[in-house]
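**Q** Attaching a single structure in structure tokens format; questions to follow.
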Amino acid sequence: ADVPGNYPLDKDGNTYTCLELGENKDCQKVCKLHGVQYGYCYAFFCWCKELDDKDVSV
């Protein structure tokens with residue numbers, strides 16, 4: 001089953017890039033900014049678990 005989540009966007013509407021795949025402290029910080037507790041680096045972009053559409057942009 002797919003885990004619900006989203007790629008968060010910065011204030012300019014861009015995805016957050018990341019270099020270290022998997023557990024990534026920068027992505028964790030980004031996801032917390034967007035109001036969710038967990039995220040990681042997937043395909044070189046931060047992805048946040050259980051991030052609702054309404055919280056994708058900050």
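Indices start at 1 and increase along the chain as displayed.
Yeah, the Cβs are placed from backbone N, Cα and C, and that goes for glycine too.
Taken from Swiss-Prot, the feature domain 'LCN-type CS-alpha/beta' applies to 3-58. Positions annotated as disulfide bond by Swiss-Prot, on the basis of sequence analysis: CYS18-CYS41, CYS27-CYS46, CYS31-CYS48.
Help me picture these features in the structure, burial and contacts included.
**A** The average per-residue pLDDT of the prediction over the domain 'LCN-type CS-alpha/beta' (3-58) is 97, rounded to a whole number.
In sequence order, CYS18, LEU19, GLU20, LEU21, GLY22, GLU23, ASN24, ASP26, CYS27, TRP47 are the residues near CYS41 (disulfide bond), counting only same-chain partners six or more apart with C-beta under 8 A. Reduced to three states, the DSSP call for CYS41 (disulfide bond) is strand.
In the three-state DSSP classification, CYS46 (disulfide bond) falls within a strand. For CYS46 (disulfide bond), other Cβ atoms within 10 Å of its Cβ number 25.
In sequence order, PRO8, GLN37, TYR38, GLY39, CYS46, CYS48, LYS49, LEU51 make up the list of same-chain residues 6 or more apart from CYS31 (disulfide bond) whose Cβ falls under 8 Å from its Cβ. CYS31 (disulfide bond) falls within a helical segment according to DSSP.
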**Q** Over all shown protein chains, what is the count of other CB atoms within 10 A of the CB belonging to CYS27 (disulfide bond)?
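**A** There are 25 such Cβ atoms around CYS27 (disulfide bond).
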